[in-house]
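Noted in Swiss-Prot for the protein shown:
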COMPBIAS  1-17  compositional bias 'Low complexity'
REGION    1-36  region 'Disordered'
COMPBIAS  22-36  compositional bias 'Pro residues'
REGION    122-145  region 'Disordered'
REGION    179-206  region 'Disordered'
COMPBIAS  188-203  compositional bias 'Acidic residues'
DOMAIN    208-228  domain 'ELK'
DNA_BIND  229-293  DNA-binding region
Amino acid sequence: MESFASLAGGGSSSTTARLPELIPPENPDRISPPPLLYQLLAGSASSARHGHGHHHGGGGGAAAAAVQGLQVSPAGAEAAMKAEIMSHPQYSALLAAYLGCKKVGAPPDVLTKLTAVPAAQQQLDAADGHPRRRHEPRRDDDVPDHQLDQFMHADEVQGGAGAADPGSRGVLQLDSIADSNCEGTGSSEEEQDTSCPEAEEIDPSDKQLKHQLLMKYGGSLGDLRQAFSKRTKKGKLPKEARLKLLHWWELHYDKWPYPSEVEKMTLAQTTGLDQKQISNWFINQRKRHWKPTPVAGMTFPTVEAAGGGFRHSGHDGGLAAAAAAAALPLYMGSWPFVVDGMYRLGS
């Protein structure tokens, strides 16, 4: 960066002291130096050139001594940057967006303080007697600061207030999902261009309708999503219900492990299942795990191999009678018996 001496024309040859250079800001890519510093620099340079033309060297040293104390400190540069930002036409929008974000979820006392900030700022400006330039059009002699304009029009101004609204966040999320679904998967440019033609132009009324539907049915959609995530697999009963059915099965295993209609209703109330689910569970359980045990001292009918008639044998019968009894169990009285693989109730 050029020094004051070089801008003043070099001064006298006898002047060996170099004037201090301006300290650049910490982030020059975001905010440019304030125009006030350029005005001071231009005034110092013109006075130095005027002194050099009249005094032939003596004025140069006087100008150097006059601007010796004009070195800009970091604190002064920061204050000048703040003043430039506060005087920008978009400063009110930036302040409103920032306060809108802070108000989301704030306690009542903090919300009251945040609401009073704009009014207090206006009173402070009126007391200082320096109205902001946002109320005045830019003059022709003002140096345009494009970097500051870009900073003021960044996401802090345009998206700050919208990010604080939960409904706006939902709309932005839906927009991103729609954009991702409309991305073309083809390899050629024609396929990508024709993959989602309706995404090129979106009617503003559609956006408004989508926003209204989201605000109205957003809670119901969240409940449905939660219900689908907790949905059990098809054909598999809950663990607690299965434990209760298994407990009933073990208690009635020796007699007849199949509930009646009244018992099904009781089990349905305790397990939260319907009677059809209970019936299917007991049918599968009985087919897979139930093996009826004969009662001691009971006689079983056996089938004679030759004549096909029935013959009663005692408990100490032969092996053929025992095999026939195991293949065709029959319980007399009110006990059930098996015929052709089907369970029947005795009379």
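Counting starts with 1 at the first residue shown.
Every residue gets a Cβ built from N, Cα and C, even glycine.
Helix first, then strand, then coil: DSSP counts for the DNA-binding region (229-293) stand at 40 helix, 0 strand, 25 coil.
Remark: secondary structure over the domain 'ELK' (208-228) totals 21 helix, 0 strand, 0 coil, with classes taken from DSSP.
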